[in-house]
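The GTP binding site annotation in TrEMBL covers 18-25, 86-90, 140-143. The annotation domain 'Tr-type G' is assigned in TrEMBL to 9-281.
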Ligand code: G4P
C-alpha cells in the first residue's frame with residue numbers, strides 16, 4: 001500500500017498546448033532530454049525530416065509531413081515520474097487534442113514571445129478552463145526579438161481571462177537578450193546561446209543578483225540594469241501576489257520566460273513546474289469523487305486510435321488511470337460493456353518506441369489493444385463497487401460536410417466504416433432533423449479529418465464517398481429537454497439536425513445567428529459542448 005501511495009505521489013501528468021510553431025515540439029524534446037528519455041535533441045520529431053516518427057501510421061501523414069495523432073511520453077526526473085501528453089500540433093488538429101486535455105492534471109501553454117496569444121491557444125485554453133486545471137505559461141523564443149513582456153502578460157490576462165504571475169523576468173530580447181531574473185531566488189540566469197547538449201547536462205551561468213549593487217550593470221549593461229530595477233520594483237509593488245490556491249485552480253498562471261531552442265530556462269522551469277503542479281487528484285464519478293490512492297484500479301478511455309501500426313491494422317484504446325495500480329494480465333470490469341475483460345498488450349509510448357509494460361499507476365496513461373469494444377469516455381474498474389467516470393464532452397465541430405456514398409450497393413460497409421470511425425471519435429455524425437439515414441452530415445474539429453475519413457473508408461472499408469462542403473461553422477447542443485423543434489424560430493441560415501442518439505442540435509453559419517436565435521426564443525439554452 002505504502003508503495004502505491006509513494007508511486008502515485010510521484011506522478012505528474014500534463015499536456016503541452018500551443019499554437020503551431022510556438023515551440024511545443026522543441027520544448028518537449030528538451031524536457032525529455034533532462035529525463036534521459038531520449039539521447040539526442042531532434043529525435044522526438046525533427047520538423048522536416050521525421051516529423052511523423054511517433055505516429056507513423058498513415059499515408060496521409062507522410063504525404064503531408066505532419067503529425068495527425070498524439071502520443072504519451074513518460075520519463076523520470078528528480079524523483080518524479082512525468083507523463084507528457086503530446087497533442088497534434090498542426091493547424092488541422094482534431095478532437096483528440098481536446099480530449100487529451102481531459103486526461104491531463106495540468107497544462108503548459110507555450111507562447112511565442114513575438115506573437116503572443118494565437119487562435120489555437122485560445123481554443124485549447126477554453127478546454128483547460130472547463131476543468132479548472134493549473135496552467136503554466138512558457139513564453140518562448142526570447143533569443144529573438146520579442147514583444148514587451150508587459151504587453152504579453154496583459155494579452156494573456158485580457159484574452160484568456162486568467163491572472164499571471166511572472167516567476168522570472170526577461171532582460172532584453174533577441175540580440176540584446178541577457179537572460180532572466182528569478183524573482184524568488186533573486187538571481188540572474190545569464191543567457192549564453194548553446195545549441196547542443198551533452199547527455200542532458202547543461203550549465204547555465206547563474207549570477208547572484210543584488211539589485212542594489214550597481215556593479216551588476218557591468219554584467220548586463222547600464223540600460224538593462226536600470227530597466228530591470230524599475231521592472232522588478234513595479235512587479236513587486238503592483239503585480240498579483242503569488243497564490244498557490246489560485247494556481248491549483250487555474251486562476252493564476254505562473255509565467256516563465258525562456259528559449260526552448262537554446263535550452264535556456266528549460267530546466268529551472270521544469271523544477272518549478274514539478275514543485276507547483278499537483279500529483280493526480282480525485283476524479284468525479286457517478287458515486288462521488290474517486291480517490292487516486294484507493295487500491296482498486298480504475299481508468300477511463302480518452303482516445304482510440306486505429307492503424308497505429310500499419311502492418312497490424314490494430315486499434316489502441318488509450319486510458320488514463322485514475323486510481324490504484326494496474327498489473328499486466330489483470331482482470332478488469334468494462335462498465336459500459338457490462339463485462340469482465342483482460343486488457344491485452346498493455347503498452348506505454350516512450351518517444352518512438354512502444355513498450356509492453358507490467359504495471360502502471362494512477363496518473364499514468366496506458367494503451368491497450370482494442371478489439372472494437374471501447375468507446376471514448378468508457379470506464380474500466382476493479383473491486384466490488386462499479387461506477388462510471390463523468391465522461392468526456394463532445395467538442396463542437398467547426399466544419400461540416402454532407403456525405404454521399406458513390407456506390408450505393410456497399411451500404412453495409414459504408415455504415416460499418418462510418419460508425420467505427422465515429423466511435424473512435426475522429427468524426428461526428430449527424431442526420432437531417434426530418435429525413436432518415438440517407439442524409440448524413442459529418443462534423444469535424446479540423447478539416448484534415450475529412451481527408452482522413454475519405455482515405456480510410458476507401459482503404460479499410462473499400463467504400464468511395466463524395467463530400468460536399470456545408471457553410472456552417474457553429475454547432476450548438478440544445479440543453480432544454482422539452483424543446484419543440486418545429487416551433488423554434490431561428491435565422492434563415494439555421495439548420496436543425498440531430499445526432500445518432502436523437503438529440504436535437506442547431507447549425508449556424510455565423511455567431512451572429514446564434515445570438516439572434518437565442519434572442520428570438522426565450523428560455524432557449526444552447527451549449528458548445530455535448531454530453532456523451
Ligand atoms: P511546434 O511544435 O509548436 O509547432 O513548434 P516547433 O517546436 O516545431 O518550433 C517551431 C519553430 O520554432 C522551429 O523552427 C523551431 O526550431 C523554432 N523554435 C522553437 N523554439 C525556439 C526558440 O526558443 N528560439 C528560436 N529562435 N526558435 C525556436 P523551424 O525553422 O520551423 O524548424 P527547423 O527547421 O528549425 O526544425
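Heads up, the Cβ atoms here are built off N, Cα and C, so glycines get one too.
Heads up, TrEMBL stuff is auto-annotated, nobody curated it.
Counted over every protein chain shown, other Cβ atoms within 10 Å are most numerous around 87 among the binding-site residues 18, 87. Just so you know, the Cβ of residue 24 (GTP binding site) picks up 23 other Cβ atoms within 10 Å once every protein chain is counted. Taking a Cβ cut-off of under 6 Å from any atom of ligand 1, the binding-site residues 18, 21, 24, 87, 142 reduce to 18, 21, 24. Under the three-state DSSP scheme, residue 18 (GTP binding site) falls in the strand class. Note on the domain 'Tr-type G' (9-281): mean pLDDT across this stretch is 81. In the three-state DSSP reading, residue 24 (GTP binding site) counts as helix.
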